[in-house]
Amino acid sequence: MALLAIHSWRWAAAAVAFEKHKHSAVLTRALVSMCGSGPRWSSSQRGASGSARLSQTTESLRNTTQQRWGKDNSRQLLDATKALQTWPLIEKRTCWHGHAGGGLHTDPKEGLKDVDTRKIIKAMLSYVWPEDRPDLRARVAISLGFLGGAKAMNIVVPFMFKYAVDSLNQMSGNMLNLSDAPNTVATMATAVLIGYGVSRAGAAFFNEVRNAVFGKVAQNSIRRIAKNVFLHLHNLDLGFHLSRQTGALSKAIDRGTRGISFVLSALVFNLLPIVFEMMLVSSVLYYKCGAQFALVTLGTLGAYTAFTVAVTRWRTRFRIEMNKADNDAGNAAIDSLLNYETVKYFNNEKYEAQRYDGFLKTYETASLKSTSTLAMLNFGQNAIFSVGLTAIMVLASQGIVAGALTVGDLVMVNGLLFQLSLPLNFLGTVYRETRQALIDMNTLFTLLKVDTRIKDKVMAPPLQITPQTATVAFDNVHFEYIEGQKVLNGVSFEVPAGKKVAIVGGSGSGKSTIVRLLFRFYEPQKGSIYLAGQNLQDVSLESLRRAVGVVPQDAVLFHNTIYYNLLYGNINASPEEVYAVAKLAGLHDAILRMPHGYDTQVGERGLKLSGGEKQRVAIARAILKNPPVILYDEATSSLDSITEETILGAMRDVVKHRTSIFIAHRLSTVVDADEIIVLSQGKVAERGTHYGLLANSSSIYSEMWHTQSNRVQNQDSLGWDAKKESLSKEEERKKLQEEIVNSVKGCGNCSC
């Protein structure tokens, strides 16, 4: 045993230069297994640095080794542990999977430049007054006309009330004759009271008609903006989406569109009309009652507005905190529910609930601050308005005593101010919500201003390609996701039209990156990629992506029926074509066994289907797309061996006359490839056919092949050993049974 350990450690020391991070893990596992129990760390030691823990590990290994094997036999182990100390415990990644090395932004506009509020309003008004929609502009003009009529009727109402009070106050028989219906109607007081009612009804009528006419303008604007944002997000490059949480983006779009609706209503029907009505009331009071009334009114309104604006600005930060907490809570809930099975596997329901409750508590705290400060705002507004109204009433009373004003004038002044109080009470809410809506719209319009790094050249021609000309060529391609960490370092190869080429290599060697570059999710920093002899950067993205089909490693399906997900490969395909590709992918019979057949809902992200079924759906819809070039990114990774062989046979027929590139981990799936390209450290290390590469026993491919083959053989051997053990136990049981039977027979006494 000691000799075996010594040879193992000599081999490990000789392999220091080859993938250090892998061998460090191997050495650590070997040390722990040989030394009995591994090192135990206290809770404080777990938080220590990697180097500190490694030092503790090696010291523990020295002590344990000396105790168990003695100093002479542990020399090689000590040499190996010294080598371990010189290796970094955690190395920087040079590969890239998703957003490795960086967290997702929960704020959708994090790292983006804000858009000026004036530009937001200008952009929004361009949707309200579109040059290509004269019908919508006509609706806006009609709405403004009804708005003016409603405000005019509002001003008339207090005047009608004044004349009615003055008429009744004179108590003249000619002015008020209630002896019969005609005389009652004919009296001035009654006519004025009827006019009062008509004015109020007219104001309400104009307001409601205005809302009905303008409704189409507002909803059309919201729809167009939301559609443009949605389309723009789809046009952004993959790097943007990998750095943003989908839940946060969804909430940003939702809040932004709701904000547009509110701002449109607030600007057109609240803020501007309030200003207009304030000026109109002040002018009427100046003309009818004098400058003092106008000054008190303007002073009250000015103080009211200034107080509202100041307090609302201060309160806005609480709303921002609420939004952030709402975003975090929403993201946590979505993330947890999407990982429902993982939560169950680790019994972490309470942990997830506590985590979610933490975000809700933050939201609750900010919400309480917002509610309490709102009470302060409302009280301050009422106090200012009450002081102004009292001052106006005192002035009116003095005017009545002096004979300059009538009782009707006092009622008119009171009515005018109270009419202003309604929109003024709403002013605080309108201003607060408008500011919040502008914040939400800022996020929305900031997203619209984001420029994609992957775009067409001006007047880029479509890709000219046929299955006979679909050659793929990489020419000295250099690429890195993070500056200074090269993923591809001068990769060059060519895939002839109609040929099947496999790309293999270790994890992080750049296999999947080739798929992303060929689909133009990213651009290489150096070098060129050609398809059908045309540089990818010179042709339109739409034509390029129509010509390339991709079967991803992780197939994600839409929350819809199986038929919908299959049809997504070509939305114009007939049902017969959909059924044909399902049969080709070995999926048709499995679908027919489902309760609803092709109308079966697959669940969110396809969670109701098994991994193999999802993979077959992805393969089927890629076949339905019928592109000249197909990329398989470990497309059979989720399949069992029997299904894998069935699908591989089907795929051989599919790719027979088209260019195909297989990104493979299991080498057995690409044995029949016309050429196999082996990537190592971002470069093409080897290339050739399966048997040609195996002929070189020292090649990377040969080593990978034998490693995988030995693993399969070991699994088979373990299965055979278990079977033999089971058989030997059965034979032993039978032998024991025979001995018991024979002993009974030899005794001759049945009582035995």
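Glycine residues also receive a Cβ, built from the backbone N, Cα and C atoms like all the rest.
Per Swiss-Prot, the annotated N6-acetyllysine among residues Lys251, Lys457, Lys683 corresponds to Lys251. With respect to the membrane, Ser167 and Tyr363 are recorded by Swiss-Prot on different sides. Cross-referencing Tyr481, Tyr563 with the ATP binding residues that Swiss-Prot gives (Gly505, Gly506, Ser507, Gly508, Ser509, Gly510, Lys511, Ser512, Thr513, Ile514, Val515, Arg516) picks out Tyr481. Residue with Swiss-Prot feature N6-acetyllysine, selected from Lys216, Lys486, Lys526: Lys216. Close to Thr342 (phosphothreonine), meaning Cα to Cα within 10 A, are the following recorded positions out of Lys216, Lys251, Ser336, Lys350, Tyr481, Gly510: Ser336. Most buried of the recorded positions Lys350, Arg516, judged by other Cβ atoms within 10 Å, is Arg516. Here the CA atom of Arg516 (ATP binding site) lies 43 Å from the CA atom of Lys216 (N6-acetyllysine). If you take the Cα of Gly510 (ATP binding site) and the Cα of Tyr340 (phosphotyrosine), they are about 32 angstrom apart, rounded to a whole number. Taking each of the recorded positions Ser336, Ser512 in turn and counting other Cβ atoms within 10 Å of its Cβ gives the largest count for Ser512. When the modified residues Lys251, Tyr340, Lys350 are compared by Cα distance to Ser512 (ATP binding site), the shortest distance belongs to Tyr340. Here the Cα atom of Tyr340 (phosphotyrosine) is found 13 Å from that of Lys350 (N6-acetyllysine). This prediction places the mean pLDDT of the topological domain 'Mitochondrial matrix' (312-382) at 87.
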